[in-house]
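Trainee: From Swiss-Prot, for reference:
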DOMAIN    25-144  domain 'Rhodanese 1'
DOMAIN    174-288  domain 'Rhodanese 2'
MOD_RES   ALA2  N-acetylalanine
MOD_RES   LYS40  N6-succinyllysine
MOD_RES   LYS146  N6-succinyllysine
MOD_RES   LYS164  N6-succinyllysine
REGION    145-160  region 'Hinge'
Amino acid sequence: MAAPQLFRALVSAQWVAEALKSPRASQPLKLLDASWYLPKLGRDARREFEERHIPGAAFFDIDRCSDHTSPYDHMLPSATHFADYAGSLGVSAATHVVIYDGSDQGLYSAPRVWWMFRAFGHHSVSLLDGGFRYWLSQNLPISSGKSPSEPAEFCAQLDPSFIKTHEDILENLDARRFQVVDARAAGRFQGTQPEPRDGIEPGHIPGSVNIPFTEFLTSEGLEKSPEEIQRLFQEKKVDLSKPLVATCGSGVTACHVVLGAFLCGKPDVPVYDGSWVEWYMRAQPEHVISQGRGKTL
């Protein structure tokens with residue numbers, strides 16, 4: 001079951017390099033650099049893109065393509081906003097979109113944009129396995145500059161099954177209708193290491209399971225095999241035959257859980273879009289599980 005999905009979800013650096021040499025008019029290829037970093041890292045993703053990127057790529061700004069009326073970071077935008085933004089980058093209904101980022105891990109933020117395209121009904125979307133890090137390690141071509149795109153017409157319609165809300169997670173504390181997997185680092189989940197955002201304490205949602213997103217990746221930054229990922233879920237006592245929801249700090253690395261499940265033949269994992277930032281800000285103190293100080297009124 002995983003083999004045909006693997007091709008759609010992940011494409012290799014060599015595949016992309018060959019596709020750029022031999023473009024197909026029937027299904028144009030569009031590369032998007034979806035690099036995004038936590039502010040405290042001090043990295044400027046757009047500037048890094050302009051310094052070097054895969055030829056023909058456009059920069060996808062996760063913060064720009066988000067709901068600016070929300071108090072929480074980069075929540076999903078409206079379908080109209082997403083359609084306008086994707087179209088401005090040259091994406092049409094016929095486009096095969098391939099997404100990557102420039103993180104040191106291989107892939108970090110790109111799975112968020114892969115998930116966004118699928119949530120808005122565009123399933124011809126893949127991730128560059130290993131990201132820009134692996135592309136560079138293979139000495140493949142790079143370009144520099146702003147790389148303007150020819151605008152295209154793109155339509156989007158949100159599939160609500162891709163998202164869970166705060167209310168859904170709160171109700172599930174008692175109902176236990178779905179499992180919750182948190183992709184943050186273990187210390188943040190346990191409450192022993194600080195959150196990277198001011199005013200947010202570490203900890204986790206009651207009953208959630210921790211699988212740090214880096215556990216889905218090899219030391220080279222490539223995605224682990226479906227068999228290895230299945231074992232990872234099994235070791236964490238996550239049952240892929242039952243409903244599952246992904247969360248993290250702000251909805252970015254949660255999409256690694258979605259991708260991992262997808263590669264194992266489970267394409268129906270939604271994301272709690274507000275994730276830990278929203279949960280912490282809205283939760284009662286007893287709903288913040290932490291080995292640290294947790295939350296007090």
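Going from the start of the chain as shown, residues are counted 1 onward.
Glycine is treated like the rest: Cβ placed from N, Cα and C.
Just so it is clear, the model here is predicted, and its values are computed rather than measured.
Could you place the listed features in the three-dimensional structure?
Mentor: Taking Cβ-Cβ distances under 8 Å and a sequence separation of 6 or more, the neighbours of LYS40 (N6-succinyllysine) in its chain are PRO196.
Taking Cβ-Cβ distances under 8 Å and a sequence separation of 6 or more, the neighbours of LYS146 (N6-succinyllysine) in its chain are GLU50.
Remark: LYS164 (N6-succinyllysine) has VAL245, PRO270, VAL271, TYR272, ASP273 as non-local neighbours, by Cβ distance under 8 Å and separation of at least 6 in sequence.
With a threshold of 8 Å between CB atoms, the same-chain residues lying at least 6 positions outside the region 'Hinge' (145-160) that come near it are 30, 49-50, 53, 56-59, 76, 78-80, 82-84, 86-93, 95, 118-122.
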Trainee: The domain 'Rhodanese 1' (25-144): mean pLDDT?
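Mentor: Summing pLDDT over the domain 'Rhodanese 1' (25-144) and dividing by its length gives 96.
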